[in-house]
């Protein structure tokens, strides 16, 4: 996501959830104002059909805002933005056509005000440039429709005043929404930059402490088996066949532990943490993580945080079966199709000097050049979370609504299936292998836990 397309909803999904009630509130104001204005100004209406269509179109625009802004439909995409703006503009045009030639005042038309309020409501969801562009286009249309009606207005002023009044009702709320969107996005990006710098600084400071803690952890593990065994050998001074077998067993245990730590990802750390929390609550559970290809290491920081929060909410939910949670990550990568090449007829090899001389020689500049490598196709990672919650489906959806609202912003194609007591949540993560910033990180190890990654992958233990 580029800086130009950044929105508050994509950068701060939780904060946008708190702003959700503003969408139905503004939609209600728009609908009520359009109905009240139509009823109070019915003496100016020349075409009741257009007046009815104007109210219906404005109501449809308000409904589009409410539906698209719902957390269950996040994120608010550009298509819904265009649909809402088009319906609002159509409602304004129908209103003007319904009272063409009998419109007494410019400032009492509900169309410009409703368009401005609807664009203002887009501030948490859409980029500020798109909000400003929508307002500019709508104001141009309003001016173009208002000027031909100058003779019917009861207030006689210069024509430019009519244009300014009609455009200001749209541009003022639009400018407020665009300014808010621009300011909040810049503030969030600046905060994220400062937070990353602070994390890097603290990581450098704590690296020595982490290394000492890892050494102490490994020494403690050796004290339980390896060190007593070696001390006993030194005291006896002899090595028996039983000692050789025991040494092999200890070496296998150490190797198995090291390999397990190398293969450990942030998702395993989350499962371990939740398993410990369940044990503290007196309900020890079995949480299964199936990620054989270590696809979890390719998730972004926001995707990791959202997934970890969702797993934590499931484990802490009432009616949760601690032996039912299964987290599985699978992936698909479409095969790369070779580029079609033109087939050339086979030619006989020269067998004589005369044949060799007759073979045309190509200049060096026309020599065959290697074709540029085709970009690798996008890879799709699918994470599936299965659990058992002994709750009605309505309560399950209400419990998970804020978490799924964030999941829908940072992931794609979220699917939720609730069949009491079974719950299945699936969502996709599309990775672009050509994006260097999305390269997979090294797996977590005791020396590099989740959130602190080594620059190069750890060596394979044999």
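Each Cβ is built from the backbone N, Cα and C atoms, and glycine gets one as well.
Annotated transmembrane segment per TrEMBL: 12-36 (among others), in sequence order.
Residues or ranges marked as transmembrane segment by TrEMBL: 48-68 (among others).
Sequence-remote contacts of a segment are chain residues at least 6 beyond its ends whose Cβ falls under 8 Å from one of its Cβ atoms, and for the transmembrane segment (80-98) they are 34, 38, 45-51, 53-58, 60-61, 64-65, 67-68, 109-112, 114-115, 118-119, 122, 125-126, 130, 134, 137-138, 141-142, 145, 149. Under the heading transmembrane segment, TrEMBL lists 80-98 (among others).
Among the features that TrEMBL reports, transmembrane segment is placed at 104-123 (among others).
Panel annotation: around the transmembrane segment (130-147), residues 78, 81, 85, 88-89, 92-93, 96, 106, 111-112, 115-116, 119, 122-123, 159, 162-163, 166-167, 169-171, 173-175, 177-178, 181 of the same chain, lying at least six beyond its termini, place a Cβ under 8 Å from a Cβ of the stretch. Taken from TrEMBL, the feature transmembrane segment covers 130-147 (among others).
Annotation source TrEMBL lists transmembrane segment at 159-180 (among others).
Look at TrEMBL and you will find 331-377 (among others) tagged as region 'Disordered'.
According to TrEMBL, the feature region 'Disordered' maps to 429-462 (among others).
The compositional bias 'Low complexity' annotation in TrEMBL covers 436-450.
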Beyond the flanks of the transmembrane segment (12-36) by 6 or more, those residues with Cβ under 8 Å of it: 54-55, 58-59, 61-63, 65-66, 69-71, 74, 91, 110, 113-114, 117-118, 120-121, 124-125, 184, 188, 306, 402, 405-406, 409-410
